[in-house]
Amino acid sequence: MVGGCSSLSYSSSSTFIATTTLSSSLKLNPQSFIFHLNLRKPAPLRCASSLMMESPKPILDFEKFDDGFVQKLVYDALVWSSLHGLVVGDKTHQRSGTVPGVGMMHAPIALLPTPFPESYWNQACEVAPVFNELVDRISLDGKFIQDSLSRTKKADVFTSRLLEIHSKMLERNKREDIRLGLHRSDYMLDEETKSLLQIEMNTISCSFPGFGRLVTELHQSLLRSHGDHLGLDSERVPRNGSTFQFADAMAKAWLEYNNPRAVVMVVVQPDERNMYDQHWLSSNTHNIVTIRKSLAEVETEGRVHEDGTLTVGGQAVSVVYYRSGYTPRDYPSESEWNARLLIEQSSAVKCPSIAYHLAGTKKIQQELAKPGVLERFMDNKDDVAKLRKCFAGLWSLDDSEIIKKAIEKPELFVMKPQREGGGNNIYGDDVRENLLRLQREGEEENAAYILMQRIFPKVSNVFLLRDGVYHKDQAISELGVYGAYLRNKERVIINEQSGYLMRTKVSSSDEGGVAAGYAVLDSIYLN
């Protein structure tokens with residue numbers, strides 16, 4: 001799961017593979033906000049009728065557009081982004097991650113949407129509610145979570161600490177009657193197999209539900225204005241309700257908690273330049289007071305009362321929405337771990353609970369790919385088939401046959417640790433070197449990693465826009481489909497697909513290129 005950062009794991013049709021990080025967990029000086037409550041039902045994602053499986057058709061011919069026309073598009077895109085809040089903090093400005101409105105710049109974006117076949121889009125839409133249900137059922141099986149991660153916790157301290165909290169909740173028979181999941185399942189189109197394959201299922205701090213909608217609306221606006229010249233139809237860019245659907249889910253969770261004086265608390269990182277993506281959710285959470293706190297502040301100001309109520313700074317908290325807490329960097333001291341445990345011990349609705357968080361780990365993903373495991377949680381054979389159809393190859397490092405193949409042909413595999421946020425995966429010759437190192441040093445550390453089939457996506461022509469300057473290049477993309485799930489005991493209140501996010505980066509860059517900022521937000525153009 002990409003926590004507040006999103007990672008792209010893939011290879012272009014040459015031999016390139018990279019992980020890109022788009023930071024997205026934000027922090028503002030703690031304060032309260034009032035939001036407009038309007039429990040509207042946004043327009044659903046438009047899942048088009050099924051078409052024959054095919055590769056994306058290119059929509060950009062660089063030779064077709066002169067620089068003057070592209071510069072006009074750039075100008076219009078920058079104006080639209082500035083007027084509509086598609087902005088991030090400028091890292092060169094010291095206070096841009098703590099004070100809103102200071103040091104803003106447009107978010108990195110693709111100037112035009114990326115082509116995507118309708119048939120694969122349909123598949124990703126249709127399976128979203130099934131993944132939501134799967135996460136919920138896994139969260140209720142404490143033994144499966146503990147057993148699946150039992151070896152991992154010996155090799156990975158971060159996973160071990162999360163499991164400790166989970167174990168304490170099991171010992172107390174702590175039940176989460178109201179369960180809220182705001183998920184994102186990430187996919188890539190594999191040219192080798194002509195399949196839509198899942199990269200990962202994110203269950204904590206899913207980034208860009210605010211900006212996913214905005215970049216979609218930006219592209220629709222540009223196509224309405226310039227579609228005739230471009231030869232593109234704005235109606236082929238699917239509507240995107242990610243902001244409103246996630247916000248509505250949080251508001252309905254607040255209603256289920258049934259304390260009109262309680263607040264929604266967003267758990268944030270101390271210095272967050274992507275705060276505006278988060279504020280888009282907060283500003284649509286409907287007449288509900290929302291506060292922003294770091295884990296350290298929760299530890300200092302928080303208390304769980306005898307009836308289970310969590311108060312922070314004297315305010316009762318109904319819903320805790322994490323936009324941090326997904327990486328070891330978010331726990332620099334015991335204070336942060338104490339805060340996570342405190343929240344888990346309370347009756348507040350957690351998004352996610354510790355069980356939902358662990359259900360999204362790489363090792364659980366790999367366990368689910370084993371024969372017969374999905375059937376432990378899903379009774380419907382059609383649902384099992386839908387899930388299995390989009391599984392990439394996943395293996396543990398105790399599979400000697402796969403290890404041998406990965407050492408012989410490391411370019412066909414990705415080695416993944418139990419980490420979120422991008423920049424952690426191992427590729428190419430480094431896969432071989434790390435596997436040989438683990439063989440020399442012993443097998444205990446093996447449990448800290450999984451192996452995944454390497455995905456070879458289609459390359460597209462794109463205009464990438466960053467710092468007000470466009471670059472034309474070939475790029476590869478990853479589609480993330482959001483899902484919202486809300487349940488109160490046996491009553492399922494929400495289970496739906498909730499918008500999408502496309503992320504694109506140049507196909508020829510490595511992790512250094514990502515650090516230079518060539519990963520951008522994007523939308524899709526159905527073909």
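A Cβ is built for glycine as well, from the same backbone N, Cα and C atoms used for every other residue.
Heads up, TrEMBL stuff is auto-annotated, nobody curated it.
Residues or ranges marked as substrate binding site by TrEMBL: Arg184, 204-207, 272-274, Gln278, 323-326, Arg503, 514-515. Annotation source TrEMBL lists ATP binding site at Glu200, Lys362, 416-425, Tyr427, 452-455, Glu478, Lys505, Glu511. According to TrEMBL, the Mg(2+) binding site annotation covers Glu200, Asn202, Glu420. According to TrEMBL, the domain 'Glutathione synthase substrate-binding' annotation covers 262-359.
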Minimum Cα separation from Asn202 (Mg(2+) binding site), reported as the residue among binding-site residues Arg184, Gln278, Ser324, Tyr427, Arg454 that achieves it:
Arg184
With every protein chain in view, how many other Cβ atoms are within 10 Å of the Cβ of Arg273 (substrate binding site)?
23
Among all the protein chains here, how many other CB atoms are within 10 A of the CB of Ser207 (substrate binding site)?
30
Rounded to the nearest Å - Cα separation of Arg184 (substrate binding site) and Glu200 (ATP binding site):
8
Using a 10 Å cut-off, grab the number of neighbouring Cβ atoms around the Cβ of Asn202 (Mg(2+) binding site), all chains included.
26
By DSSP, what is the split of the domain 'Glutathione synthase substrate-binding' (262-359) into helix, strand and coil residues?
36 helix, 26 strand, 36 coil
Judged by the number of other CB atoms within 10 angstroms, which among Ser205, Gln278, Ser324, Pro417, Tyr427 is the least packed of the binding-site residues?
Pro417
What's the CA-CA gap between Tyr427 (ATP binding site) and Ser205 (substrate binding site) in angstrom, rounded?
25
Any idea what the Cα distance is from Ser205 (substrate binding site) over to Arg454 (ATP binding site), rounded to a whole Å?
25
Of all the binding-site residues given, namely Pro417, Arg454, Lys505, which is spatially nearest to Gln278 (substrate binding site) at the Cα level?
Lys505
Here are some binding-site residues: Arg184, Arg454, Lys505. Which one has the most Cβ atoms within 10 Å of its Cβ?
Arg184
